Amino acid sequence: MLEKDRISYFYDGDVGNVYFGPNHPMKPHRLCMTHHLVLSYGLHKKMEIYRPHKAYPTELAQFHSADYVEFLHRITPDTQHLYASELTRYNLGEDCPVFDDLFEFCQIYAGGTLDAARRLNHKTCDIAINWAGGLHHAKKCEASGFCYINDLVLGILELLKYHSRVLYIDIDVHHGDGVEEAFYFTDRVMTVSFHKYGDMFFPGTGDIKDIGDREGKYYAINIPLKDGIDDTSFTRLFKTIIAKVVETYLPGAIVLQCGADSLARDRLGCFNLSIEGHAECVKFVKKFKIPLLVTGGGGYTKENVARCWAVETGVLLDTDLPNEIPDNEYIKYFGPDYTLKVPNLNMDNLNSKTYLSSIKVQVMESLRAIQHAPGVQMQEVPPDFYIPDFDEDELDPDERVDPCGMPQREDIFSWKMDPFIRRQFFSILSHSSSSSSVFVFCPEILSSYILQNCVFCLTEHTQDKQVHRDDEYYEGDNDNDHDDGAH
C-alpha cells in the first residue's frame, strides 16, 4: 500500500478580516470562505492545521528593502496624507491601497509561506498549503498588483537553504513578474509562468522571449496565452511543458502558485478554465512526489475561488469531494445551486493549435540549451529564524515589547505547546546565566522539533477546529462582486 502524503495546512482567520475598500476586487474574505469549505467537507481531519507565525520585519527584509518594510509597518489610513512622496515611491494608492491592519495582513500571509517552506525543509511534511499566500507581483522596493510583500520569493529563499534547485510554477492569469524578476539572474530557481499576455493586460510582462539572463539564462520560462483558453488546451500544454521541465531541471522542491483568476467567470480574468481543469494541474504536479509548497494567488469572483481551493485541497489529499456543498457559515454565497462545479463559458478560444504548438517548440528549445541540471556547492545552512539582538537581563518580564522588535512575551501562552517542550523551554530561560544569551519568547524560534509540536492539532483539540474570529463574516460586506465595472 502506498504511503499517504503528509499534508500541513496554514490558516489564520485574521487574514480574511482585512478590507481593501469598496469596489476593490481583492477580497481576502475569500480565505475565510475557503477555510469553511475545507472544514465542512471534513478535510481538516486528514491534515495537520497550523496557525502561522507573523513574519518579523527582518524576515520580510530578506528580500524586500528595509526602508520599504519599515514604511509598510508605519503607514496607516489616518496618516497616509502625510506621506505623499513615499506613497508614490512605494507604489501605494489605488491598486495597492493603505488599509487598517495592512502590515499584520502581510505578516500573516508571508509567515504562512515561510512556515510552510520550513516544514518542507525539515521533512516534517510532504506538501504544505498556504492559500493566503501567492502574492506574486510585489517587488523588492514597491507594491504592485494588490501585492505588498512577495511571500513566494521569501518562501523560495527559505527552500534554497536546503535545496540546490527550486522550481516555481504559476497558473495565475497574470504573469508572475515579481518572482521571475527576483530570480532572473540565477539558475538555482526556474520560474515557469502560464498567463495572459498582450492587449495591455496587467502587468504587461511575460513574453516568451524573456528567458532569464547571465547565470539565469534559459531558467525563466514564459507561456503567453490568449483569451478563452479551455481545459483541454491548457492542461495538455501544461503537462507537456512541466514534465519536460522536471525531467531536465531535477528540482529539489516545487512551489506552485494556484491563482484562481484563470478560472472562467473571474471578475478580472479572461480564460475559460473549469475548476476541474485548474485542479488537474495541481494533481499533475503532485504526482512527481517532490516536496511541494502550494499557495493561492489571484481570484476575484470569491465564491469560485473558495470552490477551487477547496477542491484542490481535496486533490492534494487524494479526496474527491461531493458536488453538493455541505452547510457552512458561508453557504449563502454558493447559491442558487450550492454546488462545487462551475460550468465553462461559451466563448471562443483564441489560442489556435498552431500558436500553442509554436510555444511548445520554443520552450523545448530553451530546455535543450540547459543540457543538465545546474549544480551548487552547498554551504553551512543558515538558521531558520532571526533572533533579535537584545540583552535578556535588561528586559522587564512584565513589559509588552514592540512586535516590530520581537513578539510579546505572553504570546507564547496562546500556543498549544507540548508540555515537555514547554518545561524545557522555560527551564532554558530560567537557568540562563550569561547576560549575552539571546532568546525570543516565542515558540517559532526553537528547534524544528518544537516547530512540529506547536501544532493546532484538530484531532485532539476540538475547540480549535475553526481557527477564526467571530467577526469574519460580513453581512452584505459591500463586495460588489457582481458589478459590471472592474477596478
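Including glycine, each Cβ sits where the backbone N, Cα and C put it.
Database features (TrEMBL):
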| type | residues | note |
| --- | --- | --- |
| ACT_SITE | His137 | active site, proton acceptor |
| BINDING | Asp95, Gly145, Tyr300 | substrate binding site |
| BINDING | Asp172, His174, Asp261 | divalent metal cation binding site |
| DOMAIN | 24-314 | domain 'Histone deacetylase' |
Cβ-Cβ neighbours of Gly145 (substrate binding site) (radius 10 Å): 21
Tyr300 (substrate binding site) CB neighbourhood, other CB atoms within 10 A: 24
Asp95, Asp261 as binding-site residues, winner by CB count within 10 A: Asp261
Cβ-centroid neighbourhood (8 Å) of the divalent metal cation site, Asp172, His174, Asp261 excluded: Val173, His195, Lys196, Gly259, Ser262, Leu268, Gly269, Gly297, Gly298, Gly299
Whole-number Å value of the largest CA-CA distance among Asp95, Gly145, Tyr300, listed as substrate-binding: 14
Surrounding CB atoms that lie within 10 Å of the CB of His174 (divalent metal cation binding site), all protein chains: 27
